[in-house]
Amino acid sequence: NITPVTEFVLVGFRNSYEIEIIFFVVFLLAYLVTVLGNTLVIVLVYTDCHLHSPMYYFLSNLSFIEISMTSSVVPKMLANFLSEKKTISFAGCFSQFYFYFSLAATEFILLAIMSYDRYVAICNPLRYPTIMTQRVCGQLLLGAWVGGVVLILPLAVLKAKLPYCGPNIIDHYFCDSAPLLHLACTDIWVAELRDFVVSMLLLLGSLALTVFSYTWIILTIVRIPSTQGRQKTFATCASHFTVVSLGFGISIFIYVRPSQMNPGHLNKILSVLSSIVTPLLNPFIFSLRNQQMKEAWK
């Protein structure tokens, strides 16, 4: 007889209670700064008339995604630091899986859209106002959200329909794809292949569009005659390029593999960088490396 699993245990970071209290304080502060920093970016973009442009419109939506994605993972992790059971319900686990990865998928598509926006602004500056109209920006943003939903929803539903009969211990701090999949009481080869194909299409596809845009951007910047002009133009892309490098680099290493067996605690550490550290740093990266943002803050 097979007894279906009704809840999972999130192991998180195995340590003594005292160490977990320290982790709780550190991650709570990181979460609060992440929410505050990204919320201030959103407020700043929508209240300062100098930031009413497609670039900052996309940036404010990126900040909203960062808040939502972090909030889908961190509050439960903080609660588990203070709890002995560290459990999450079956429905709660797959809900967390869906929201986290659909928001992450939306973010990667949005990063590719932001790189295209920079390509048009730098390589076709005279046509920029007619190409990146308010309607086009809205359609691109809608496409990013729909793309995230369409790509991840089938994966979440198919994973939830797999038989889970024990063990129910997830060696992670949230319901990540690979640790959850390896608890299924069935052959997971097809499911792993499906995850690999979707991850490859999403991450490598978005990265290819981003690299294509930045290749033309760099070629255009190199042809600018003045050094000051080259530096000013590159400065508008430096923040976005930094965020793209962090986001794509970490996620491709974790998810674009045919078999996502967990190599020790490496995936867990990289997931912390992806889901907690990067959303924390993004407001500072965009604010400190962007002259218009610094002026708006003042």
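Just so you know, glycine gets a Cβ as well, placed from its N, Cα and C.
Curation plays no part in TrEMBL annotations; they are all automatic predictions.
What you are looking at is a predicted structure, and each value in this text was computed from that prediction instead of being measured.
Per TrEMBL, the features are:
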type: TRANSMEM; residues: 21-46; note: transmembrane segment
type: DOMAIN; residues: 37-286; note: domain 'G-protein coupled receptors family 1 profile'
type: TRANSMEM; residues: 58-77; note: transmembrane segment
type: TRANSMEM; residues: 97-116; note: transmembrane segment
type: TRANSMEM; residues: 136-158; note: transmembrane segment
type: TRANSMEM; residues: 196-222; note: transmembrane segment
type: TRANSMEM; residues: 234-256; note: transmembrane segment
type: TRANSMEM; residues: 268-288; note: transmembrane segment
Top partner of the transmembrane segment (196-222) among 21-46, 136-158, 234-256 - counted as Cβ pairs under 8 Å: 234-256
Range from 58-77, 97-116, 136-158, 234-256, 268-288 with most C-beta pairs under 8 A to the transmembrane segment (21-46): 58-77
Same-chain residue ranges lying at least 6 outside the transmembrane segment (268-288) that approach it to Cβ under 8 Å: 13, 27, 30-31, 33-34, 37-38, 40-41, 59, 62-63, 66-67, 69-70, 73-74, 100, 171-174, 176, 239, 242-243, 246-247, 250-251, 253-254, 262, 294, 297
Positions whose Cβ lies under 8 angstroms from the transmembrane segment (97-116), at least six residues beyond its ends: 55, 58-59, 61-62, 65-66, 68-69, 72-73, 140-141, 143-145, 147-149, 151-153, 155-156, 159, 174-177, 180, 202-203, 205-207, 209-210, 213-214, 240, 243-244, 247-248, 251, 275
Spatial neighbours of the transmembrane segment (234-256) far in sequence, C-beta under 8 Å, 6+ residues away: 55, 104, 107-108, 111, 114-115, 118, 121-122, 177, 195-196, 199-200, 203-204, 206-207, 210, 214, 217, 221, 267, 270-271, 273-274, 278, 281-282, 285-286, 289-291
